[in-house]
Amino acid sequence: MEGTGDLLNKKRKLENSDEIVDKCPPVLKNFKDFNINKVIAENPRCKTATIHGQIAGEDAVVLLEKTAFDASHLGNYLSELTTLNNTLKNDIYGTYDAFPPLIENAIRATVIHPATEKHIKKYTDQPCYVVHETPELYTNITLPLIISKQFSIQWVYNILGKKKEADRIVFEDPDPEQGFVLLPDMKWDCKDTRSLYLVAIVHKHEVKSLRDLTADSLPLLNNILHKGLDAIKERFGVPSSQVHVYLHYQPSYYHLHVHFAHVQCEAPGMGADRAHMLIDVIDNIQIASNFYQRKTLTFTVREEDDLYKKYKDSGYFDKS
Ligand code: G7M
């Protein structure tokens with residue numbers, strides 16, 4: 001059986017491998033070759049729909065999202081370029097279906113192709129369950145799963161190795177111990193700073209999540225907090241008082257990363273069952289170096305998550 005060291009060596013080799021990057025499918029020009037299989041998630045409030053289908057016989061997941069209004073373009077909407085179909089008129093009140101010019105009508109599409117079974121599950125709406133993870137449960141259930149997990153984080157290595165998204169990097173500290181790369185999260189279209197959402201990915205490989213952080217991590221965490229906020233202020237003009245800086249537990253990828261989101265942005269995973277403010281994390285570790293090795297951490301799992309299945313098989317949910 002492979003140990004953690006072997007797995008890390010394998011990951012390092014992947015980071016330096018051009019072969020895998022070149023296997024990326026080509027950029028799409030349209031959805032002509034996308035065959036719809038099923039709508040796997042819908043959120044009317046966020047105005048998103050997620051569709052599972054196939055492209056060239058391979059599974060694909062497409063996330064469609066209506067984009068926010070760009071205030072500087074409102075003149076284009078409110079002009080003769082927008083066709084109006086009246087749907088209601090009562091005294092001074094009127095409603096219309098409005099068809100603005102094509103250029104203002106773009107929706108954002110995120111395409112994952114080829115998508116694995118795990119991607120399809122991850123993006124599918126499903127029931128959720130709460131886990132209170134004690135240190136013992138972490139050691140006996142969560143950690144073995146993380147170590148055996150084959151979920152590819154090639155995209156992380158592509159970013160750290162400057163093979164992908166290099167032109168999007170907002171800031172980098174190249175130090176192998178305390179350094180990180182800060183860049184816009186895939187979910188942010190970089191148009192409106194009120195929905196600012198960036199991610200800092202650490203250069204160091206060994207830190208999987210919040211659970212691994214100790215007093216030794218403080219220089220790294222302080223570095224990310226201060227240099228990340230400075231870079232955001234300089235590039236986007238958003239002061240640190242308007243940025244939430246936090247880690248997810250559980251994260252979706254076990255290579256330490258920190259989220260930076262505008263306070264007005266309803267970023268996913270901001271709930272008390274997932275977001276841990278970096279400033280609080282630093283403070284907790286300063287109080288006790290082994291705080292995150294001792295703490296019971298609460299999170300939500302979804303029915304199709306491997307973690308849910310592991311906890312279910314252990315009988316954890318039988319008690320609730
Ligand atoms: O903490 P958690 O593991 O949930 O966050 C991972 C974050 O990485 C999410 O907010 C994703 O949107 C973001 N992300 C995922 N991928 C695959 C990419 C990517 O390829 N590029 C960028 N810039 N962000 C990504």
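Cβ atoms are placed via backbone N, Cα and C, with glycine included.
A TrEMBL annotation is a machine prediction, not a hand-curated record.
Database features, via TrEMBL:
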ACT_SITE  His257  active site, nucleophile
BINDING   Trp155, Glu165, Asp185, Lys187, 248-259  substrate binding site
* Asked: How many other Cβ atoms are found within 10 Å of the Cβ atom of His248 (substrate binding site), counting all protein chains shown?
  -> 19
* When you measure from the Cβ of Trp155 (substrate binding site), which residues in the chain that are at least 6 apart have a Cβ under 8 Å away? -> Lys164
* Asked: How many other Cβ atoms are found within 10 Å of the Cβ atom of Val258 (substrate binding site), counting all protein chains shown?
  -> 23
* Asked: So which one is it: of the binding-site residues Asp185, Gln250, Leu256, which has the fewest other Cβ atoms within 10 Å?
  -> Asp185
* Find, among the recorded positions listed as Ser252, Tyr254, His257, the one whose Cβ has the highest number of other Cβ atoms within 10 Å in the structure shown. => His257
* Pairwise Cα distance for the residue listed as 'active site, nucleophile'/His248 (substrate binding site) [Å, integer] -> 8
* Asked: Should Trp155 (substrate binding site) be counted as helix, strand, or coil on the basis of DSSP?
  -> helix
* Got a sec? Which of Asp185, His248, Gln250, Ser252, Tyr254, Leu256, the binding-site residues, have CB under 6 Å of any ligand 1 atom? -> Asp185, His248, Ser252
